[in-house]
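Some notes on the structure that comes next.
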Amino acid sequence: MTRFSYAEYIALFRSSDTKRNSSPQKTSLSSGGAANRDETDPPQVRSSVRTAHVQSASEDDWTALHEAAHRGQTHCVRTLLTDPGVCVDKRTLQEQTPLLLALHGPHLECVRSLLEAGADPDISNKNKETPLYKACEQESISAVKLLLAFGAAVNQRCYRGWTALHEAARRGNAALCETLLRARAAVDARNADDITPAIEAARHGRTDALAQLIRNGAGVNAQTCDGNTALTEACRHGHTETVKLLLKHHADANKATNAGLLPLHIASQHGHDEIVSSLLPVSSRVRVRRSGISPLHLAAEHDRRTVLSLLIESGFDINSKLSPERSAGFQDRRVSVLYCAVAARNTRAAAALLRAGADPNTDPCSPLLLAARHGCLETVALLLEHGAHVNASPAAGFPALLLHTHQLDLLQCLLDHGCDARACFTCDTHHTHLRARTGATDAELKFCDWISSSCWRHTAGRLIDLLLDYVGNVQLCSSIRDLLLDQPEWTSIKEKTSSPRALTHLCRLKIREQLGPRRLRSVESLPLPGPMLRYLSSRGL
């Protein structure tokens with residue numbers, strides 16, 4: 001028979017007063033020793049071991065009782081507990097009692113022995129976790145029942161007000177929830193953030209546990225300090241079955257968060273289309289309008305195209321606007337759903353909105369300007385095709401699109417759709433002196449001032465050469481001439497500006513002017529011969 005090595009224990013305990021190494025668990029038991037203990041050992045030896053174990057402690061205050069409980073060595077625990085000097089609730093530096101350590105297993109027989117010896121079932125560790133909370137963390141129903149039988153406080157608060165029922169709900173263990181509820185656990189206990197067990201279960205999609213809580217009277221419309229309900233959390237995290245359960249039990253789909261968002265907004269933002277379908281019949285359009293933001297705005301911003309389709313099909317206004325309060329939260333004062341899609345560079349979402357009839361000209365700052373700034377030719381072409389104003393010119397004497405355009409191919413697309421290139425050449429030759437003489441202000445930005453200081457400065461020749469293909473007879477101001485003199489395109493530019501333009505070129509420009517930007521979009525569809533179409537739509541002829 002393998003016998004317990006007392007000599008090893010005694011040698012270890014006698015050295016406990018000497019310098020210890022850095023390991024946090026200094027006192028250790030021989031592997032398998034406690035399990036194979038011989039009951040016929042001499043009483044004096046057994047007494048010596050008990051005394052040594054009780055008095056020995058490691059650097060972080062682990063005693064032999066802590067070690068034995070942690071390892072689940074039941075017989076050793078019982079032997080140590082027979083010593084009159086043992087403290088069954090002694091804490092380590094982490095404020096762990098032997099009972100808490102035994103629950104790590106969980107080692108149920110050790111737990112039972114400690115409780116029978118008078119261990120306090122409500123002493124928490126440094127993190128304010130009670131034995132009951134740890135048992136729920138381990139999902140050990142047997143340990144929970146044992147602790148409750150020995151008087152554990154079922155509603156004792158842990159860190160930030162969490163209870164054992166919160167942990168059981170988070171784990172989704174319906175049987176564990178039922179055990180705690182039978183012990184009179186508070187079904188709507190709130191933590192420091194006002195989160196109830198039902199909200200926690202919904203957040204993690206624990207449908208069975210949530211159903212158990214609801215059957216025991218949990219409030220389905222309780223709100224956290226942020227105004228979130230169980231339904232809001234289930235919508236945010238995409239738990240479809242949980243949402244259906246909550247709606248079945250009359251969860252309020254029109255209860256807003258502190259940010260003013262309804263569950264429909266949250267589900268749309270995160271792209272949970274099945275949940276959106278469930279919420280549409282029970283969501284109040286009046287409440288949605290009062291929120292100051294449409295679910296379409298959030299779906300467009302986050303590129304949720306399936307959700308966009310669902311919302312549009314259900315009748316949401318594709319041209320709904322942000323409320324003044326919400327619009328003021330953005331530096332660009334955006335208002336439209338389309339602008340949100342363009343701002344987030346979601347070209348496919350923008351295309352879907354335009355096909356559904358979105359107006360590209362309702363925002364203070366045109367989505368076309370933003371797309372040009374992003375350098376997204378596909379989005380620019382889409383917006384132009386659906387009627388975006390190409391000659392918007394706030395606070396500038398030339399089309400504002402030029403301020404935001406950094407690619408020649410994109411600029412050519414704008415010019416082909418009617419962008420007014422002539423406005424770039426309207427300043428007087430000596431406009432600086434004229435402004436000084438007339439007292440004019442600098443509020444209106446001139447093209448020559450802009451190009452002299454913009455990113456186009458070193459490639460201004462290519463830009464001017466392109467613009468001249470969309471204008472008739474113009475003269476360059478002194479500022480532009482000085483800028484272009486040392487650029488390779490100067491010869492071509494000088495020829496175009498010093499000689500009268502060809503009659504074919506001038507006729508083409510006149511026809512395009514008569515058509516206007518709106519009808520220019522349809523030039524390609526006109527029933528005209530191919531050469532005529534190329535003449536009207538191509539530059540440089």
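Even glycines carry a Cβ here, placed using N, Cα and C.
According to TrEMBL, the protein carries these features:
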type	residues	note
COMPBIAS	21-33	compositional bias 'Polar residues'
DOMAIN	484-541	domain 'SOCS box'
REGION	17-46	region 'Disordered'
REPEAT	94-126	repeat 'ANK'
REPEAT	127-159	repeat 'ANK'
REPEAT	160-192	repeat 'ANK'
REPEAT	226-258	repeat 'ANK'
REPEAT	259-291	repeat 'ANK'
REPEAT	291-323	repeat 'ANK'
REPEAT	363-395	repeat 'ANK'
How about long-range neighbours of the repeat 'ANK' (160-192): same chain, 6 or more residues beyond its ends, C-beta under 8 Å? 130, 132-133, 135-137, 139, 141, 144-145, 148, 154, 198, 200-201, 204-206, 208-213, 216-219, 222
Could you pull out which residues elsewhere in the chain have a CB under 8 Å from any CB of the repeat 'ANK' (363-395), counting only those six or more residues past its ends? 332-336, 338-339, 342-343, 345, 347, 350-351, 354, 401, 403-407, 409-410, 413-414, 417-420, 423, 443-445, 517-518, 521
For the repeat 'ANK' (291-323), residues assigned helix / strand / coil by DSSP: 16 helix, 1 strand, 16 coil
